[in-house]
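Novice: Take a look at this one; I'll ask things after.
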Amino acid sequence: MPLGLGRRKKAPPLVENEEAEPSRSGLGVGEPGPLGGSAAGESQMGLPPPPAALRPRLVFHTQLAHGSPTGRIEGFTNVKELYGKIAEAFRLPAAEVMFCTLNTHKVDMDKLLGGQIGLEDFIFAHVKGQRKEVEVFKSEEALGLTITDNGAGYAFIKRIKEGSVIDHIQLISVGDMIEAINGQSLLGCRHYEVARLLKELPRGRTFTLKLTEPRKAFDMISQRSAGGHPGSGPQLGTGRGTLRLRSRGPATVEDLPSAFEEKAIEKVDDLLESYMGIRDTELAATMVELGKDKRNPDELAEALDERLGDFAFPDEFVFDVWGAIGDAKVGRY
């Protein structure tokens, strides 16, 4: 963003007396540049103008989920930068931020901040709380865990299947960050790597999970939830547009996804959980984006290998993704 004279004075990062869910009708994409007149224009001759939407000037309101004043954050293009801005506003180490939810302070995995933020969304940051170590006997092949990650190096539990091995261990809850398995640190690992490690643990053996739960306010200390059913709540922002965060490249302001895209993303996310034990709406959205204009499964497989080769998706999974996108296109929900 260009700097210049005559800009409005920047608001302080913390706003003590603001309501928790304020109206922000003044949010917009960018501001007029401070330079004007022919002299300024002549001095810039020959230089290409900066891309207008490279870093859209959007201000979001945020609180710590366990309770805090309201903060204002702006100027981030990915999740890692977002966590840094939140940490700066609340004078915390960035490593303390575990994940964020949109428009609720509760550990609600259906409101988890992923790759998109509605322009009117209110961000609640969940920070590290109590650490715990739990021994688990793997009596069945499937533990009943669905893993996701925050895009910044922390993998955590998004869902616990009812009646599963993990469901019977009350110390383990949705929202717990998985720090280590049998002493092996998982900090910096992606969700699919953690899910694979859990799957490869031998049946009939005991293993140790080192976990960190989100810090809780008094009104949040209650019986743990197994997480909502996929698609049981709004997955994307409710504002007039959405800020799309990418792990590579700049953030962009986009229209809300179409009904086809929203349903396709939901179906692909379900397939990720079924095949790989993870949920990741940003990954699902990327796969839908790659596949919506492809003519056959082979073209989709080629696009996925080129962009997402690290995941090594099996052929049957790619075929099911192709089918899910096709079903959503023709309205077979």
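For all residues, glycine too, the Cβ spot is worked out from N, Cα and C.
Copied straight from Swiss-Prot:
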COMPBIAS  1-11  compositional bias 'Basic residues'
COMPBIAS  27-39  compositional bias 'Gly residues'
COMPBIAS  228-240  compositional bias 'Gly residues'
DOMAIN    133-213  domain 'PDZ'
MOD_RES   Thr242  phosphothreonine
REGION    1-53  region 'Disordered'
REGION    223-244  region 'Disordered'
Novice: Across the whole of the domain 'PDZ' (133-213), what does the mean pLDDT come to? Round it, please.
Specialist: 93
Novice: Is it possible to list how many residues within the domain 'PDZ' (133-213) are helical, extended or coil according to DSSP?
Specialist: 13 helix, 31 strand, 37 coil
